[in-house]
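Participant: Found this in TrEMBL, in case it helps:
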type	residues	note
REGION	1-71	region 'Disordered'
COMPBIAS	1-20	compositional bias 'Basic and acidic residues'
COMPBIAS	43-56	compositional bias 'Low complexity'
TRANSMEM	84-102	transmembrane segment
TRANSMEM	148-171	transmembrane segment
TRANSMEM	183-204	transmembrane segment
TRANSMEM	225-258	transmembrane segment
TRANSMEM	355-373	transmembrane segment
TRANSMEM	385-401	transmembrane segment
TRANSMEM	422-439	transmembrane segment
TRANSMEM	484-502	transmembrane segment
TRANSMEM	508-530	transmembrane segment
Amino acid sequence: MSEKPSPHDSADASSDRTTDDSNPDSAGPNADRKTGPDSATEPDSPSASNPDSASDPNPPTDPDPATGPDASEVSFRVEVLKGATAKFLMFVVGLAGSMYMARAVGPAVYGGFYLLLSLAQFAARFTHGFAGASQKRLAETDTPNGEILGLTLGTIGLNSAVVAVGAAAFAGPLREYTGVADAPLLAVALFVAISTFVPMQFLLAGTGRVGVTNWIDLGRTAVRLPLQLTLVALGFGAAGMAGGLIAATAVCVPATLYCLGVRPEWPSRETAASVWSHARWNVLTNLTGKAYTRFDVFLIGALVSASVVGGYEVALELTVPATILSNVILDGLLARVSNLASLDRDVGPEITRGLAYSSLLAVPVCGLALALARPAVTAVYGPEYASAAGFVAGLGVYRVVQTQREPLNDAAKALDRPDATFRVSVVALAVNIVIGVPLVWYGSALGAVAATIAAELVRWALLHRVLAAEGAAVSRVPSQVRSQFAAGSALVVAVLAVRTAVPAATTAWYGLAGLAAAGLVTYGTVLLAIDADVRGVARRTVGDVTRAARVARRWSVSAVRP
């Protein structure tokens, strides 16, 4: 298994969102919205219907053959489509791999690996936070990209040395907590791998080429999965799962650097100061954020058992499709908002567009999770994981809130308010601890998910206040999201009606697939019927793809001309 988006990431991400750590460590296409109270621009204006239209005062030009497109020139809808396609393929491949590995090693070993991975991800937050600041600076105009890359690589090296010393000092507790015999060595190797790969993906996304980052991540999945399956089949257990991830990540780092097309340079004092002015808060936010994002896993591992963590992780895997679209748009949104802000242009419409479509997949996934949780988890992972059904339903609800909160978080960072996102993260972590610990201690592990949902709602509300203070007019619940909720309700009704009428439909995987397909068809049909904006987005996306193909042909021709 790869490092999946934690239920709070924002991507990592996040968040590290360019990878599964995000989070992994982007769901709102650059689409126009129908006229209404939720519009952040004047109805029927060029910027409301298409920010890349010819009436834009600063229309994008054909890319320079020597440098390629920058963040302001890349069509957001096309990048979202490319990235979402790659993410979906990664999910399908990853789900197949997780099915085999979860069944092969059992809940205890499966949970132990994810406890170890979560610790490595938490330790990597300094480098990821620093890389997030580098990504923002890279997305701005007139920045020394080579110096930013050199500064990021130096930070990775220094932190790797610190983590190696820490793992050696706490070798015993690491083995006891995770149940993995080689925990210290694997923790360091995992840290070095994800602390190098994720920041390089951040920098590449900072150029606006989020589709490329996701295809590289797909390549990593294609390498990782056969390695993990082979090592697990040979009996290496958690060490095999970690080894496959480490090796695949190491292979893909050079590819990311090649696509970035920048040579590292020794950073100047001015460049270091510029990045650090944003990183000092971004690092704190990432450290606090990761403690928050993996708090469920840490808490369940400490107060319950690694076996229950294994159930939590398979539930997390089943709800990954909810974030496929939103994770892609988040990388592009940060780069685009940073670019617009550096040009003193209004960012409110861009953020609202992201919110309008960031939950497009999360809503139907939530509906299916509520209606089919137990039969789905037992069909995919086996009866050993039947107790994870409650996690599936709870995380389905969480994903909806998460995909509405993450664009706000990245927008605040893009507006140079990492201090505000840090304070919001601290409040959210406090809420999660105060509610989660007693619920798990006196109740059950499901209390951790309930506390997370409550904390995420608090975070969502506070981030809206931060953006309002910055003068960004952002709708709290865009009309498109309300349409998605209506279509999602129709999905639940349809699935439950069919399940009641045909009880045998949940006894086999093909019956479950049919139920899910019927629900998704209902969702899509209702959404298209009640929301003209969705229909318009589909038409414009096709047009964007056609135009992008023409631009790519012109660029390739001009690039080879003498």
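Note: Cβ is positioned from N, Cα and C throughout, glycine not excepted.
Where the annotation comes from TrEMBL, it is an automatic prediction and has not been curated.
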Participant: May I ask for the residues of the chain that lie six or more residues beyond the transmembrane segment (225-258) and have a Cβ under 8 Å from a Cβ within it?
Facilitator: 1-3, 93-94, 96-97, 100-101, 104-105, 109, 112-113, 116-117, 178-182, 186, 189-190, 193-194, 196-197, 200-201, 204, 213, 216-217, 219
Participant: Residues sitting near the transmembrane segment (355-373): Cβ under 8 Å, six or more positions beyond its termini, same chain?
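Facilitator: Residues 26-29, 31, 33, 38, 318-319, 321-326, 329-330, 389-390, 392-393, 395-397, 399-400, 402-404, 406-408, 474-475, 478-481, 484-485, 487-489, 491-492, 495-496, 499, 506, 512, 515-516, 519-520, 523, 533, 537.
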Participant: Counting Cβ pairs closer than 8 Å, which of 84-102, 148-171, 183-204, 422-439, 484-502 has the most of them with the transmembrane segment (508-530)?
Facilitator: 484-502
Participant: Go through the chain and flag residues at least 6 beyond the ends of the transmembrane segment (422-439) whose CB is under 8 A from any CB in it; none is fine as an answer.
Facilitator: 281-282, 284-285, 288-289, 291-292, 295-296, 299, 303, 409, 412, 446-448, 450-452, 454-456, 458-459, 462-463, 466
